Amino acid sequence: MDRILTKEEKQALISLLDLEPQYWGDYGRMQKCYKKKCLQLHPDKGGNEELMQQLNTLWTKLKDGLYRVRLLLGPSQVRRLGKDQWNLSLQQTFSGTYFRRLCRLPITCLRNKGISTCNCILCLLRKQHFLLKKSWRVPCLVLGECYCIDCFALWFGLPVTNMLVPLYAQFLAPIPVDWLDLNVHEVYNPASGMTLMLPPPPADPESSTILTQEDTGPTLMGQQDTLTSRRNTGKSFSLSGMLMRTSPAKKSYHHQKMNSPPGIPIPPPPLFLFPVTAPVPPVTRNTQETQAERENEYMPMAPQIHLYSQIREPTHQEEEEPQYEEIPIYLELLPENPNQHLALTSTARRSLRRKYHKHNSHIITQRQRNRLRRLVLMIFLLSLGGFFLTLFFLIKRKMHL
């Protein structure tokens with residue numbers, strides 16, 4: 001990022017983009033400024049043609065340099081496309097699940113650097129950082145050569161904390177996914193739901209004609225990187241395959257329109273698996289009968305009873321009967337000791353209680369100290385009085401002699 005353009009070209013591009021120097025390196029912000037300036041400086045809009053040509057030249061040089069830096073890093077596990085053939089950003093690749101795929105759990109993903117087994121985007125780029133340093137044998141990397149969160153924080157001078165993750169997500173969103181050298185099929189997928197069950201295995205495994213495709217690379221919409229077809233042996237060790245072999249009756253729950261390739265997540269089935277007949281509209285009859293049928297469609301409401309009508313003052317002859325409530329099952333597991341707390345206290349209450357006990361213990365210690373001081377002072381005064389009394393008697397005795 002700092003060696004693609006010269007110092008003069010960098011200052012010229014910053015002035016043409018009306019960009020603050022502190023945002024140099026923020027590709028998304030620079031791209032927005034570039035598009036805005038293109039609308040202002042375009043000759044058809046009445047702009048300056050020379051400035052427009054200079055802006056296009058510098059921006060193209062910067063973009064080609066960033067692409068070339070990532071291309072020359074070494075062998076890639078995914079297919080490399082041309083700079084004009086791949087314009088899909090990282091956020092467009094993952095669309096609605098981008099922010100959940102970026103960081104799976106910030107508490108652990110930010111703490112574990114080289115030993116993380118997570119496959120979110122943040123952890124994958126961090127692992128890529130160590131692999132690049134090992135392959136290049138360089139002491140450090142800068143933004144543009146590596147897009148991990150550590151290089152991002154070092155470039156902009158920010159601490160790596162939980163508050164940095166949203167800024168890092170906004171920074172990575174407009175960057176082309178091909179620059180990141182990520183296999184999008186290996187990125188953490190937080191989508192929840194059922195997976196379509198595989199069809200039942202044939203009687204003869206060798207006669208199966210179902211071919212499965214394995215693909216790699218960041219391509220979408222059917223553009224596969226490497227296609228390797230293998231023959232299905234009819235044995236599936238997945239959960240869906242075992243469920244299919246153990247309970248073949250579950251096939252009847254799936255609708256016929258849900259015949260799509262296996263492995264595609266679909267939302268879970270509704271709560272009511274069996275069809276329920278809709279209520280038949282009432283036939284035009286008398287007005288009173290129609291109104292009664294409409295009211296029967298809804299759940300009957302409890303009769304409204306005034307509170308004061310249910311209260312009775314107890315007399316001396318009549319005693320109040322105790323009202324017993326049904327005890328839930330989980331209460332049977334509670335201890336029989338009534339002094340034991342049944343509800344968990346919060347952390348704030350525990351800290352206040354601990355502080356109160358500490359304060360009380362401190363007060364008791366201070367009282368003991370005061371008592372000890374008084375005792376020592378009393379002993380000192382008594383000894384001092386005895387000393388002066390002895391001295392007085394000695395002087396008086398000498399005077400008589």
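Glycine is treated like the rest: Cβ placed from N, Cα and C.
Quick look at what Swiss-Prot annotates:
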- 1-374: topological domain 'Cytoplasmic' (TOPO_DOM)
- 12-75: domain 'J' (DOMAIN)
- 213-235: region 'Disordered' (REGION)
- 375-395: transmembrane segment (TRANSMEM)
- 396-401: topological domain 'Extracellular' (TOPO_DOM)
DSSP helix/strand/coil residue counts for the topological domain 'Extracellular' (396-401): 5 helix, 0 strand, 1 coil
Residues in the domain 'J' (12-75) grouped by DSSP into helix, strand and remaining coil: 50 helix, 0 strand, 14 coil
For the topological domain 'Cytoplasmic' (1-374), mean pLDDT (0 to 100): 67
